[in-house]
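As written in TrEMBL, here are the features:
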SIGNAL    1-22  signal peptide
DOMAIN    69-209  domain 'Multidrug resistance protein MdtA-like barrel-sandwich hybrid'
COILED    109-174  coiled coil
DOMAIN    110-178  domain 'Multidrug resistance protein MdtA-like alpha-helical hairpin'
DOMAIN    250-299  domain 'Multidrug resistance protein MdtA-like beta-barrel'
DOMAIN    305-362  domain 'Multidrug resistance protein MdtA-like C-terminal permuted SH3'
REGION    367-429  region 'Disordered'
COMPBIAS  397-412  compositional bias 'Low complexity'
Amino acid sequence: MRNNKGVRRLGWSMALVSLVLAGCGQESTQQQAGQQQQPPPLAAQVLKVQPRNLPVDKQYSALLRSEQQVVVTARVTGILEEKHYQEGERVKKGQLLFTIEPARYEATVRQRRADLQSAEAELYRAQRNWERFERLYEQNSVSQQQRDEALATLKIAQAMVAQAEAALDDAQIDLDYTTVTAPVSGQIGLSEVNVGSLVQPPQELVTITSLRTIEARFALPPEDAAALRQLRRTPGGGDVTPVALANLTPDSEMDRLRGRLNYLGASVDRDTGTVQVEATFDNPQSLFLPGQFVHVKLDGLVMPNAIAVPEIAVLEGREGPMVYVVAENGEAKPVNVNLGDRAGPWIVIDSGLEPGQQVVVTHVASVQPGRRIEPQPFDGKAEPKAVSAGNQMQEQPASDAPAATPEASSASDKPQKPQAASAQEGDGE
């Protein structure tokens with residue numbers, strides 16, 4: 001009996017040991033499987049966030065106008081007899097454009113010249129008469145009254161000569177106006193009148209537009225205007241504030257047309273809340289035309305104490321732009337950010353990041369929330385390796401979702417309050 005009980009106890013003990021061993025084996029298998037599912041640490045370059053003075057790219061919409069656009073008008077009345085140009089051609093200052101019936105004005109000039117000769121003859125007679133009366137008066141041969149009358153006659157004759165000269169000058173001016181010349185050099189437009197038509201002042205005849213120099217007028221936010229004013233006062237800044245001009249189309253050649261800022265308004269417009277600015281550009285090849293809307297890029301502004309990251313580090317999540325930072329435990333943590341101005345391949349972070357945080361810059365498409373990161377020093381190359389149309393960002397699912405295939409998505413611009421760089425000069429006025 002005792003032997004049977006011992007056998008049963010031994011059997012229960014062996015069964016219990018088997019269960020414990022089986023459980024341990026299953027737990028060990030699960031741990032190994034979990035370790036196999038956990039991806040290895042990702043070696044990625046990280047950027048330690050630090051505030052710094054960052055040159056920013058500022059672009060504004062502008063309207064172009066010609067520095068010289070002149071409407072040629074008739075200044076005398078008459079029949080338009082001749083037109084001496086081809087519409088659309090380039091004309092030079094002083095070039096003959098129209099002839100307006102000169103015969104009548106030539107006759108007037110001849111008449112006024114004859115009037116002048118008559119007045120000069122009368123002046124000669126009065127002068128000789130005055131000299132004779134002056135000698136006789138000294139000899140007491142004539143009275144004081146006779147002498148004074150001779151002097152008055154002389155002065156009247158002098159006035160008549162001056163009047164005749166003025167009338168001749170006026171007639172000559174009218175005659176000169178019958179030959180209409182170009183007041184400026186430029187491209188001439190379509191004629192407003194036909195040959196044979198009666199024209200009179202101030203009827204418009206044609207418009208001449210100078211394209212060699214063109215002006216861009218645009219508006220700045222008050223904070224940008226203040227920063228620009230500070231830049232113009234710094235040594236080396238002066239009035240030579242550089243600007244660049246580009247079409248609104250993506251394939252514009254901005255670097256080929258650079259200019260100088262020549263006007264910065266001194267007050268803020270009540271209606272728009274902006275400051276008026278004007279820049280001048282040399283336009284020798286007539287790439288741009290008056291009335292055209294363009295982009296103006298303003299160089300030399302610097303944003304102080306800006307937090308910025310390479311744009312390749314920014315992803316687009318469900319809640320908006322985001323970046324991955326390396327947490328204290330070495331794992332990737334998604335952080336939503338608000339974007340500001342761009343500065344080349346860098347983009348300003350208005351909010352969401354703190355100094356000292358480490359932002360993952362490379363291999364961001366392979367990062368998932370919670371994945372361990374093996375930080376590598378950032379090599380400073382912020383430009384994307386593969387460039388598509390424009391600056392682009394990769395699109396990433398929300399921070400609490402697994403990673404998906406990234407897609408290009410542009411980040412939105414947001415205005416920032418820049419300040420001018422000290423002793424930093426940009427391009428053109």
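Positions of Cβ are set from backbone N, Cα and C atoms, glycine also.
On a predicted model such as this, the values are computed, not experimentally measured, just so you know.
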Summary of DSSP states over the domain 'Multidrug resistance protein MdtA-like C-terminal permuted SH3' (305-362), given as helix, strand and coil counts: 3 helix, 36 strand, 19 coil
Structural state census, the domain 'Multidrug resistance protein MdtA-like beta-barrel' (250-299) (DSSP three-state): 3 helix, 21 strand, 26 coil
Segment-level pLDDT (mean, integer) for the coiled coil (109-174): 95
Counts of helix, strand and coil residues, the domain 'Multidrug resistance protein MdtA-like alpha-helical hairpin' (110-178), according to DSSP: 63 helix, 0 strand, 6 coil
